[in-house]
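K.L.:
After the structure tokens below, expect a handful of questions from me.
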């Protein structure tokens, strides 16, 4: 099969693999076919069938087989173009050596030539696109390094909600330590972005807690009230702790995600579960900081001397359990947010890769920002009622110490009093801060990357 003419159609290949002629290729047939082609990679057949099997019947019909190969070929082309450094349509040994060096792998010239020989059909000691395609067409690649590298999401864009699913890092980034530099760059970008949009965040929390049908608070009205009460600087109340919690949360979430991820090669749905679990772990660890953030954001002039004074007063007056008020809606909010954010982002990413990627997996700034903004906004929209209930519960004890409703009774009370729209109070400033937050965090992230010497 390896020496068969390259022009053979997918139909031809499909017929060769379909040994029992039932119009479908199952795992066993594919495994035998791969073996005949000299591909002995463990689990390759299973992986190809799982990736391409759309109707979940455990095998591939001709349409599924063709669709899988076309999508896979597109990814192979992007990788081929990224390896072909001098853009002459062929890969030579120095280009392979250079690419492996970028991945943090030092390979001798002899080993590079061996890699070339395994792909080189015509004996030129260079690999053209046809030979490359021939070699890898039936080797499953899950997430190609190029695609992972360019489509960073959560570490690049910070919109103030830290429940997005952590990014994947390439093996190169892990082996060269690039991953921690990216996390640091992301954390600094998040800090600048949150500080820049803090007034909108404070007015959002203010409207979530105080606005109702009886007490309508508009965007401008909210700003006016806050400035009259505490001056212009009061618009940044609660920002200090909001910035402080980025570092522990990012670190815990990343470590928890890597722990879960290492147990399995991750598909999108498993990534969602691993990411949600990591988010829940991080949120549980830093949740008292969330409560402090809400209390400090809503504080009146002179109410607390600072972060530690606020923590002391809450502890003395309300006990330890006050630091976990609103924990349940917060935890429940992770699932719709992370699930929808990831699903929308993956869909937009795959649509772009399938229809617009020509020579590189790099989508460019605008596409990346656009996809990130749309997916995060959809995630926020879905989880917003839970976020509002969480904030109300966090604030409730200081407003009405005698009245401590549960999550469901508070939700019912809001809907009965203000209708369903009551669960979306403060959503206008929330959406207004998305685009500036995304833009600021991206620009700062890029500056930080060049400052820390992270290659593109």
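Glycine residues also receive a Cβ, built from the backbone N, Cα and C atoms like all the rest.
TrEMBL lists these features:
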DOMAIN    5-40  domain 'EF-hand'
DOMAIN    71-106  domain 'EF-hand'
DOMAIN    107-142  domain 'EF-hand'
REPEAT    177-263  repeat 'Solcar'
REPEAT    266-351  repeat 'Solcar'
REPEAT    363-451  repeat 'Solcar'
K.L.:
DSSP on the repeat 'Solcar' (266-351): how many residues come out helix, how many strand, how many coil?
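P.N.:
Per DSSP, the residues of the repeat 'Solcar' (266-351) fall into 73 helix, 0 strand, 13 coil.
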K.L.:
For a three-state summary based on DSSP, what are the helix, strand and coil counts in the repeat 'Solcar' (177-263)?
P.N.:
71 helix, 0 strand, 16 coil
K.L.:
Could you tell me the mean pLDDT over the repeat 'Solcar' (266-351), as a whole number?
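P.N.:
The predicted confidence over the repeat 'Solcar' (266-351), as a mean pLDDT, is 88.
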K.L.:
For the repeat 'Solcar' (363-451), what are the DSSP-based totals of helix, strand and coil residues?
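P.N.:
Once the DSSP states are binned, the repeat 'Solcar' (363-451) shows 76 helix, 0 strand, 13 coil.
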